[in-house]
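Single-structure report; data block below.
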Amino acid sequence: MSFLIRSICFLILIPSFLITFVSATQHLCHSDQKDALLDFKNEFGMVDSKSWVNKSDCCSWDGITCDAKSGNVIGLDLSSIFLYGQLKSNSSLFKLRHLRDLNLANNNFNNSPIPAEFDKLTGLERLDLSQSSLSGQIPINLLQLTKLVSLDLSSSDFFGDESFHYLSIDKSFLPLLARNLRNLRELDMSYVKISSEIPEEFSNIRSLRSLNLNGCNLFGEFPSSILLIPNLQSIDLGNNPNLRGNLPVFHENNSLLKLTILYTSFSGAIPDSISSLKNLTSLTLSVSYFSGKIPFSLGNLSHLSHLSLSSNNLIGEIPSSIGNLNQLTNFYVGGNKLSGNLPATLSNLTKLNTISLSSNQFTGSLPPSISQLSKLKFFFADDNPFIGAILSPLLKIPSLTRIHLSYNQLNDLVGIENIFMLPNLETFYIYHYNYTKVRPLDLNVFSSLKQLGTLYISRIPISTTNITSDFPSNLEYLSLRSCNITDFPEFIRKGRNLQILDLSNNKIKGQVPDWLWRMPTLNSVDLSNNSLSGFHVSVKASPESQLTSVDLSSNAFQGPLFLPSKSLRYFSGSNNNFTGKIPRSICGLSSLEILDLSNNNLNGSLPWCLETLMSSLSDLDLRNNSLSGSLPEIFMNATKLRSLDVSHNRMEGKLPGSLTGCSSLEVLNVGSNRINDMFPFELNSLQKLQVLVLHSNKFHGTLHNVDGVWFGFPQLQIIDVSHNDFFGILPSDYFMNWTAMSSKKDNNIEPEYIQNPSVYGSSLGYYTSLVLMSKGVSMEMERVLTIYTAIDLSGNQLHGKIPDSIGLLKELRILNMSSNGFTGHIPSSLANLKNLESLDISQNNISGEIPPELGTLSSLAWINVSHNQLVGSIPQGTQFQRQKCSSYEGNPGLNGPSLENVCGHIKESTPTQTEPLETKEEEEEESFSWIAAGLGFAPGVVFGLAMGYIVVSYKHQWFMKTFGRSKQQNTRTR
C-alpha cells in the first residue's frame with residue numbers, strides 16, 4: 001500500500017518537475033532587457049537584424065549572449081553591422097547593466113563623443129569601441145570599470161587627414177588607468193591623441209599581455225620597465241616620432257612575442273640580451289635612432305619570422321648568425337650604414353619571402369648560394385656599392401616577383417639577357433650611377449615576361465628600335481628616364497594597359513605623336529627635360545582620355561598652349577616657349593589641382609573663367625611670363641589654393657580682395673610686377689600663410705596698421721617687401737606677434753619642404769620655389785624648407801629706429817633692412833638671434849657702435865653694415881673677422897685693430913659705379929663667398945644638413961643672368 005502511495009505521489013510530481021526543468025533550460029531573457037535591445041535597434045535603424053523581433057527570446061538573437069543561469073544579457077556583439085548615428089548619453093544601451101562583453105567596433109557613430117554613462121555598466125570585462133568614428137575626450141568615468149580585462153579604443157590614421165576627428169584624453173587619464181585597471185590584459189589606444197608621457201605606473205599592470213599605443217603623439221622618455229612586464233606578449237609603440245627611450249636588459253622570463261618600435265626617437269644599441277626573448281616571432285625596430293652593430297645573439301631567436309631593423313644608424317656587417325633564423329620570412333635592414341659582404345648563411349633562410357638591403361654600404365657581389373632561396377618573392381638592394389654580376393644569382397630564383405637594383409655601381413648588366421628565367425616577375429627597377437660604363441640594353445630581353453607590370457630603367461642607354469611585337473602588353477608602369485633616347489618610342493603604342501609613362505630626362509626631339517593622347521588607359525605622362533618642339537598637327541584633346549597628370553616642362557615647345565585632356569588634375573608646361581594668351585579652354589578642366597605654366601612667353605590678362613577652377617586648384621604658378629592686367633577677383637572660393645605665384649610678369653592694379661577666401665594659402669608671390677596698392681593687412685586672416693613676397697612693385701604706405709591691430713600672420717616664415725615705396729616708422733613692438741619666427745622649432749624633427757605631396761604619377765611632390773636676396777646675392781631656391789625664415793624690407797623709405805622687438809625672432813635666419821633711412825643704434829637684442837646667418841643693414845643712417853654682443857652669433861656667416869655712420873671697433877667674433885672689407889666701408893668712424901685685421905690700412909670709400917669687368921668679378925666673388933661661408937666654415941652652419949639641402953638647389957648661373965650686374969650695382973648704390 002505504501003509503495004502504491006509513493007508511486008502515485010511520484011507521478012503527480014513529475015509534471016511539476018518537468019515544468020521547473022524546462023523553465024531552467026529555456027533561459028528566457030528578461031523583458032526589460034529585451035525592450036532595451038529593441039529600443040537600441042530603433043535608435044540606429046538596424047535593418048539587418050532580422051532575428052531581433054519581439055516575439056522571440058532575445059537570448060537567441062544574433063550578437064546576443066545570455067547567462068546560462070540568470071538569463072541576463074551579458075554579451076553584445078554588434079561589430080561591423082553598419083550602425084550609423086550619434087551614440088547618445090540616454091541610449092537604451094546603458095540599461096543593460098549585466099553586460100560583461102560589449103563590442104561596437106567598425107561602425108559609424110558620426111564623430112559623437114563617448115558617453116560618460118558607460119560607467120553604469122559596472123560588470124564590463126571587455127569593451128571594444130574601435131574604428132567607430134567616435135571623437136572628443138574620452139570620459140574619465142570609463143576608468144571606473146575596474147573589472148575590465150580588455151579595452152580597445154583604437155582608430156586609424158586616415159593618412160593624416162586633418163578633417164578626421166580623433167579621440168583624446170586629458171593628462172590624468174593614463175595615471176588613473178594604471179591605478180584602477182589592474183586586471184587589464186589588453187589595451188589598444190592606437191591613434192588616440194594621448195599627447196603626453198607614459199607614466200611609470202604602467203609597469204605595475206602585471207596582468208598586461210598586449211599594449212598598442214601606435215600613433216598616439218607620445219613624447220618624453222618611455223619607461224623601459226614596461227618592456228619587462230613578465231606577461232607582456234605584444235607591444236606596439238610605432239608612429240610616435242617624439243618618443244624617446246632605450247631597450248632594457250631583457251630577462252629570461254620575458255613572454256614577448258611581438259615588439260614594434262617604428263618611427264620613434266628610440267636610440268642606443270640593440271642589447272645582446274635580445275636573445276632572451278626566446279618566444280619572439282616579430283621584431284620591428286625601424287625608422288628610429290638605434291646604433292651600433294646588429295648583435296650576434298640575435299641569431300638565437302629561433303621562432304622569429306619577421307625582422308625589421310630598417311632606417312636606423314646601425315653599422316658593421318650582418319652577423320653570420322642571421323642564418324640560424326630558419327623561420328624568418330621577412331628581413332628588412334635598409335636605410336642603415338651596414339657594410340661588408342652579405343653573409344653566405346643567408347641561404348639558410350629558406351622560408352624568406354622578402355629581403356630589403358637598400359641604402360647601405362654593402363660591397364662585393366651577392367653570394368651565389370642566395371639562389372637557394374626558392375620562396376623569395378621580393379628583393380630590394382637599391383643604393384649600395386655592389387659590384388660585379390649581381391643579377392646572375394637572382395636569375396636562378398623563379399619565384400621572384402619584384403627586384404629593385406637602382407643606384408648601384410654595377411660594372412655591367414651581366415646576365416640580364418637571361419631575365420626570361422623569372423616568369424613571375426612583376427616589377428623590375430634598375431638605375432645606374434654612370435651609364436657610360438654600361439653597354440646599351442636591348443629591351444627585347446623583357447618580351448617574354450608576361451606578368452611584368454612595372455618596368456623602371458634609368459641612366460642605362462637603351463635602343464627603342466626593333467622592339468618585338470610581343471613586348472609585355474600588360475605593362476602598367478613604364479619609366480625609361482635618362483636612357484639617352486633620341487626618338488619617341490613607337491612600341492609604346494602597343495601598351496593596351498599602360499597607365500603611367502615616364503620618358504623624362506632624355507634627348508627626344510621632334511613632335512609628340514598624336515596616338516599617345518588616345519591611349520585608353522593612360523593616366524600619367526612625364527615628358528619633361530627633353531628637346532620636344534611640338535605636337536602632331538591634328539591632335540586635339542580626346543574626350544575619352546583618362547589622363548590626370550601631364551608634365552611637358554623643360555622642352556622646346558612653342559606656339560599656343562596645348563591641353564591634351566579634360567580630366568587633368570596636374571599639368572606642367574613650364575620652362576618652354578609657349579606663346580599667346582592662356583586659352584579659355586583651360587577653364588573646362590574642372591578637376592585641375594596643380595597648374596604650372598611658369599617660364600614661358602604667355603601674354604594677355606588672366607581669363608575670368610579661371611574662377612571655375614578655384615574650388616579644386618591647390619597650386620597655381622604663372623611666374624616669369626609676360627602676363628598683364630590686374631589679378632581678377634576670382635579667389636573667393638579658392639579654399640584649397642595652397643600656392644599662388646604670378647611673380648615676374650607685368651601685372652598691375654591692386655591685389656584682389658577675394659584673396660581673403662584662400663583659407664589654405666601658404667605661399668603668395670606677386671613679386672616683380674607693377675602692382676600699385678597698400679600693404680594687404682586684410683590677408684592676416686589667412687592663418688596658414690608662410691611665404692609672402694611683394695618685392696619690386698609699387699606698393700606704398702606703412703608696414704604697420706595705423707588702427708593698432710597686430711601685424712598678424714602667425715605662420716609667416718618668409719616676408720619680402722623689398723624695392724617698393726613703403727615708408728614710416730616701425731613701432732618698437734612691431735615684431736611682437738611674429739609667432740612662427742619666434743617659436744622654438746623641435747630640432748629632433750627632420751626638416752621638410754613647403755610642398756604639395758600629391759603630384760599624380762610622381763613620388764616627388766610639387767615643391768614651392770622662390771627667389772630671395774641672401775648674403776648679398778639673389779638666389780633661387782627650387783625647394784623651400786619649412787624651417788627657412790627670412791625678412792627683407794630693403795629698398796624702401798622706412799626710417800626711425802630698428803625695433804628692439806626684432807630680438808624676439810629667435811628662429812630668423814636672414815634679415816635684410818638695407819637701403820632705407822633707419823637711424824639710431826643697432827639694437828643689441830639682435831644678439832638673441834642665435835640662428836641668424838645673414839644680416840644686411842647697409843645703406844642707412846645708423847649710428848653708434850656695433851654691439852659687441854653680436855660677436856657671439858656663431859651662425860652669422862654674412863654681414864653688411866656698410867654706408868652708415870657707425871663708430872668704434874667691430875666685435876671680436878670670428879664671423880666679423882671673416883667678412884670682406886666692403887662690409888664695413890662707408891663708416892669713417894669705424895676703427896681699431898679688429899677692422900685693420902680685415903681691411904688693412906683703412907681708406908674712406910664711397911659707393912660708386914665700377915668698371916663692368918670689376919663688377920663681374922666682384923659679383924662672382926660675392927656669390928661664392930657666401931656659399932663658402934655657409935658651408936666651409938663650421939661655426940656658421942648651425943643650419944647643418946638642412947642648409948645643405950637649400951644650397952644644392954641654388955642655380956648660380958640662372959640668378960646671375962637674371963639678377964646680374966645691374967642688380968648688384970643697384971644694391972651697392974642705394
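Note: Cβ is positioned from N, Cα and C throughout, glycine not excepted.
The feature N-linked glycosylation site is assigned by Swiss-Prot to Asn90, Asn253, Asn300, Asn348, Asn466, Asn484, Asn577, Asn603, Asn637, Asn737, Asn816, Asn845 (among others). Positions annotated as repeat 'LRR 8' by Swiss-Prot, on the basis of sequence analysis: 278-301. According to Swiss-Prot, the repeat 'LRR 9' annotation covers 302-325. The repeat 'LRR 21' annotation in Swiss-Prot covers 590-616 and rests on sequence analysis.
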Predicted model, mean pLDDT over the repeat 'LRR 21' (590-616): 95
Rounded inter-Cα distance in Å - Asn90 (N-linked glycosylation site), Asn577 (N-linked glycosylation site): 68
Secondary structure at Asn603 (N-linked glycosylation site), reduced by DSSP to three states: strand
Cα-Cα distance linking Asn845 (N-linked glycosylation site) and Asn816 (N-linked glycosylation site), given in Å to the nearest integer: 15
Tally of DSSP helical, extended and coil residues in the repeat 'LRR 8' (278-301): 5 helix, 10 strand, 9 coil
Same chain, 6+ residues apart, C-beta under 8 Å of the C-beta of Asn845 (N-linked glycosylation site), given in sequence order: Gly821, Phe822, Thr823, Asn868, Gln869
The one of Asn90, Asn603, Asn816 whose CB sees the fewest other CB atoms within 10 Å, among these glycosylation sites: Asn90
Set of same-chain residues at least 6 away whose C-beta sits under 8 angstroms from Asn253 (N-linked glycosylation site): Pro230
Rounded Cα-Cα span from Asn603 (N-linked glycosylation site) to Asn466 (N-linked glycosylation site), Å: 44
Pairwise Cα distance for Asn577 (N-linked glycosylation site)/Asn603 (N-linked glycosylation site) [Å, integer]: 12
Spatial neighbours, same chain, of Asn637 (N-linked glycosylation site) - Cβ under 8 Å, 6+ residues apart: Glu611, Met614, Ser615, Gly661
Position of peak Cβ density within 10 Å, selected from the glycosylation sites Asn348, Asn484, Asn737: Asn348
Sparsest-packed among the glycosylation sites, when each Cβ's other Cβ atoms within 10 Å are tallied, from Asn300, Asn466, Asn577: Asn466
Rounded to the nearest Å - Cα separation of Asn348 (N-linked glycosylation site) and Asn484 (N-linked glycosylation site): 41
